[in-house]
Structures are given as C-alpha cells and as structure tokens.
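Notes follow once the structure below has been shown.
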C-alpha cells in the first residue's frame with residue numbers, strides 16, 4: 001500500500017507540460033521511471049500469485065476471466081506450444097470489458113520457436129520492414145544470415161556497429177499495414193504464416209472467439225530505449241474480432257487507457273510469454289508502451305527463457321526444432337531486447353475491401369516507412385506523440 005501511494009504521489013508531483021493530457025502525463029512518468037523504486041509501485045503484475053488480492057486502487061481492478069476450456073483440445077494447444085487451456089490463468093480489469101490478460105501459458109522452452117520465427121523467418125522477404133525505406137531489397141533479403149555471426153559473438157566486441165537485426169523495428173505480415181495511409185489493401189498482401197495463424201486461432205478460440213482468422217500481423221522489435229507511442233488500432237475493417245498481442249524477451253510497461261486521452265491509463269507489466277486480448281469495448285482504447293525494463297541482473301534472459309526448446313516435438317506440431325546456433329543468436333538478441341507480435345482479423349467473413357480509384361491507390365503506395373515505434377537510434381522517422389491525433 002505504501003509503495004503504491006508513493007508511486008501515485010510521484011505522478012502527482014510531475015510537472016505538467018503545455019496541453020498535456022492525462023495519458024501523456026503518465027506515459028512520460030513511466031518513460032522516466034526507475035526500476036526497483038516506488039515509481040513502479042502502481043503497476044499491475046498479473047504474473048504474481050497475489051494478482052487479485054492487492055490492496056491498492058489498481059490491484060482492486062483485477063478480476064478473473066473465464067476461458068472456453070473445452071473449445072481447444074490439449075493436443076491442439078500442445079501443437080502450438082501452449083499448456084492445456086485448463087491450466088491457463090486469465091484476468092480482466094474492471095472498467096475494461098473485453099480486455100483479457102493471460103500470463104505466460106507457453107510450455108517450457110516453446111517460446112523460443114516464436115522468437116526464432118520473428119527474427120529468422122518472418123523478417124524475410126516478401127514481408128515488409130522498416131529497413132526497406134533506406135535499403136534495397138537485395139540488402140534486406142536475409143537479415144538473419146547477415147546478422148547471426150555479429151550476434152553470436154556480440155560479447156567479444158561490444159563496440160561493433162549494430163547488426164541489421166538490431167536495427168529492425170517492425171515487420172508486417174499478411175495484409176501489410178501502410179503507415180502513411182493507415183490502411184490495409186487487397187493489393188498489398190503476402191501469405192500469412194501458417195504456424196502463427198494456428199497459434200492465434202487457438203488463443204482466440206480459448207477466449208471465446210471461434211472462427212477468428214489471422215489476416216494481418218505487426219511485429220515490433222524493441223531495444224531497451226524503445227517506446228511505442230499512444231495510439232488506437234482502428235484500421236481493421238472488422239472491429240468485432242479481437243486484437244491479440246504476444247510478448248517475448250525483456251519485460252515492459254503497458255498502458256491501457258480510455259476512448260479519449262484525457263482518461264488516465266492503467267499500467268501493467270508485460271513479461272515474456274504473456275498474451276493480451278483486446279476485444280469489444282477494449283478493442284478501440286488508447287494504449288502505449290512507455291518503457292522496456294532492463295533485467296535487474298544486467299544483460300540476461302528472463303527465467304522462463306532459460307529452458308531450451310525440447311528436442312522431441314509432437315509429430316504434427318507447428319513448432320519446429322531450434323538448432324544450437326539459432327538458440328545462441330536468439331539468446332544474444334533477447335538479452336537486451338523485446339519482441340511483440342500483434343495479430344488481427346482485418347475483414348469480416350465475406351467482406352471485401354472498399355473500392356479505391358487508381359489515384360487513391362497511387363497515393364497509398366508510398367514509402368511506408370513511418371512507424372509509431374520510437375527509438376533513440378532508430379533510422380526510421382519518429383512520429384511525435386500528438387495529443388490531437
């Protein structure tokens with residue numbers, strides 16, 4: 001109770017900037033926060049055993065969420081690298097109907113498949129990434145091959161330039177999001193990864209969304225100095241389907257606000273393996289990531305990532321083996337980074353994209369290099385946090 005009161009007091013004493021709304025003020029507070037101090041006393045930790053028994057205002061918001069346990073077989077969960085749904089813990093927040101938080105439901109070691117896919121496979125062409133704005137397609141053809149030796153021996157030469165994988169900030173999958181027009185289109189599509197589609201469908205089904213179709217994905221690659229600006233995911237044409245978010249690597253602070261930015265957000269930790277589902281009323285709420293938290297032990301992995309992927313996998317698993325070399329590269333990368341996968345259904349069943357004139361299409365086919373992921377060393381143009389956007 002004392003820590004929470006101190007944290008609230010620290011926010012209250014933070015000097016406001018001109019035209020600063022309640023969300024922006026808390027975003028700035030947590031961006032400047034100091035891990036290990038009372039600054040983080042009001043941040044909800046769903047992975048803690050006492051998540052629903054706290055005494056402060058934020059902790060009292062936490063409620064249990066019901067899952068559709070029988071909708072996903074234990075076999076299908078295992079195929080995706082997940083524990084049986086009956087073993088998952090799921091929480092919601094009072095005042096945020098449709099928000100579901102599932103603390104790490106992955107089987108030991110299975111997170112590594114998804115980390116490897118984000119770094120090694122999903123970053124490949126024809127998928128689109130932030131580096132495309134500054135480099136030719138040949139130069140970004142295989143970021144993994146160009147970066148793996150740098151990452152395997154990172155400890156030997158810390159003064160070396162960052163590898164291309166370390167400069168990666170975002171990748172789009174399926175229907176490729178256009179950062180300029182803020183639209184998806186039928187003309188800009190590549191096949192969505194089947195393994196990620198299967199994982200997403202199992203999670204959505206367990207949360208009561210049978211028939212969910214994974215059609216678009218945005219992968220964000222965070223360094224320790226990265227932030228994700230305040231925004232709403234409203235570009236999908238069908239908002240009745242949930243937004244799924246999967247986190248891997250270093251922990252971060254996530255802020256979930258209201259429909260307007262003058263509503264103060266609720267802060268929560270996102271740890272490696274955690275899954276968030278935003279649906280219903282919560283689907284169109286403002287949210288942001290103001291801080292990625294360095295490990296208290298220095299450059300190290302979260303405990304849940306210390307177990308390697310099992311050598312023997314189910315015969316029909318969508319999860320693939322991870323070689324020793326791949327594991328070393330992923331380990332080196334994640335010691336100072338975080339990866340987040342968000343998956344969406346863009347269209348309702350039998351829905352088509354609205355017709356666009358050739359002039360509109362030409363206007364939409366632009367650089368697509370602008371992103372709301374902010375990083376001090378990012379070569380992508382940074383978008384300012386505009387309270388009126």
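Keep in mind that glycine also has a Cβ here, set from the backbone N, Cα and C atoms.
Record features (TrEMBL):
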{"type": "DOMAIN", "residues": "213-347", "note": "domain 'Fe2OG dioxygenase'"}
{"type": "BINDING", "residues": "231, 233, 287", "note": "Fe cation binding site"}
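Remark: of the binding-site residues 231, 287, the most isolated position is 231 (fewest other Cβ atoms within 10 Å of its Cβ).
Taking Cβ-Cβ distances under 8 Å and a sequence gap of 6 or more within the same chain, the neighbours of residue 233 (Fe cation binding site) are 243, 278, 283, 284, 342, 344. Report note: the Fe cation site is defined by 231, 233, 287, and the residues of the same chain whose CB lies within 8 Å of the CB centroid of those residues, excluding them, are 230, 232, 285, 286, 288.
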